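**Student:** OK, TrEMBL features for this one:
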| type | residues | note |
| --- | --- | --- |
| TRANSMEM | 6-23 | transmembrane segment |
| TRANSMEM | 35-59 | transmembrane segment |
| TRANSMEM | 71-90 | transmembrane segment |
| TRANSMEM | 102-128 | transmembrane segment |
| TRANSMEM | 148-168 | transmembrane segment |
| TRANSMEM | 173-191 | transmembrane segment |
| TRANSMEM | 197-218 | transmembrane segment |
Amino acid sequence: MCFSATASFTVSAALVPVGVYCLNESYRSRCYQAYWPFALYPLIFGVQQAIEGWLWLILETGDAGLIRIPALSFVFFSHFFWLFWIPYSCYKIESAENKKQLFFIITVMGGLFGLVMYLPVLMFADWMSVSLIEHSISYELTLLLDDFVPRITVRGAYVLVILVPLLFSSEKYLRYFGIIIALSVLLVALLSAKTFISVWCFFAAILSCYMLYMFICLEKQKTVHY
């Protein structure tokens with residue numbers, strides 16, 4: 001698969017109006033104001049893709065000294081932010097008390113897990129390397145957990161933190177979204193394992209447009225109830 005700065009910037013620009021619409025829908029509806037964390041998905045993914053577009057431009061010029069800031073910014077989202085924001089989003093709207101408690105626990109664990117992965121990379125420059133492989137960006141990170149836990153276990157834990165709250169949510173639209181995300185994980189793992197982080201985040205950014213569909217459906221649902 002071939003990606004580029006143009007692809008990242010295009011996706012970023014497309015996600016901004018989607019995010020603005022979703023955020024507006026969540027704030028103007030009394031029924032769905034708690035959904036505002038989901039409304040931010042397209043906007044935040046848009047920022048993340050803009051950062052990777054910036055990184056693409058630097059990698060293409062070959063100026064290695066400028067790589068660290070955009071790379072750290074991208075990894076902040078991929079290895080820390082989404083690990084607590086997605087379960088927090090599900091916790092925020094969950095109506096079933098037992099699931100709400102579970103999602104709160106996953107939110108805390110996801111945040112701690114993310115800190116364990118991200119802080120060492122932030123502190124030690126040689127713990128992260130970025131390169132172009134097969135027309136995609138590869139992020140190679142050294143993790144604190146590498147001496148204790150196989151990398152495949154870390155990846156499995158990451159996927160569970162992301163998927164469990166979505167797949168077990170009481171909101172059907174989030175369960176659908178969880179299924180779509182799970183399929184994207186499998187597809188990218190099969191087709192682009194070496195550059196999984198970059199490629200999956202790119203497709204997840206596109207899939208965040210699902211939030212537009214969800215908010216349109218929620219608005220229609222509210223209208224029917226009234």
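In case you wondered, yes, glycine gets a Cβ from its N, Cα and C as well.
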**Student:** In the same chain, who gets a Cβ under 8 Å from the transmembrane segment (102-128) while lying at least 6 residues past its ends?
**Tutor:** 68, 71-72, 75-76, 79-81, 83-84, 86-88, 90-91, 94, 139-145, 154, 157-158, 161, 164-165, 168
**Student:** Hey, which of 6-23, 71-90, 173-191 has the most Cβ-Cβ pairs under 8 Å against the transmembrane segment (35-59)?
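**Tutor:** Against the transmembrane segment (35-59), the leading stretch is 6-23.
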**Student:** Count the CB pairs under 8 A between the transmembrane segment (71-90) and each of 6-23, 148-168, 173-191, 197-218, then give me the winner.
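**Tutor:** Top-ranked stretch among 6-23, 148-168, 173-191, 197-218: 148-168.
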**Student:** Sequence gap of 6 or more, Cβ distance under 8 Å, 3 or more pairs: do the transmembrane segment (197-218) and the transmembrane segment (6-23) meet that?
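**Tutor:** As far as Cβ distances go (cut-off 8 Å, pairs 6 or more apart), the transmembrane segment (197-218) and the transmembrane segment (6-23) touch.
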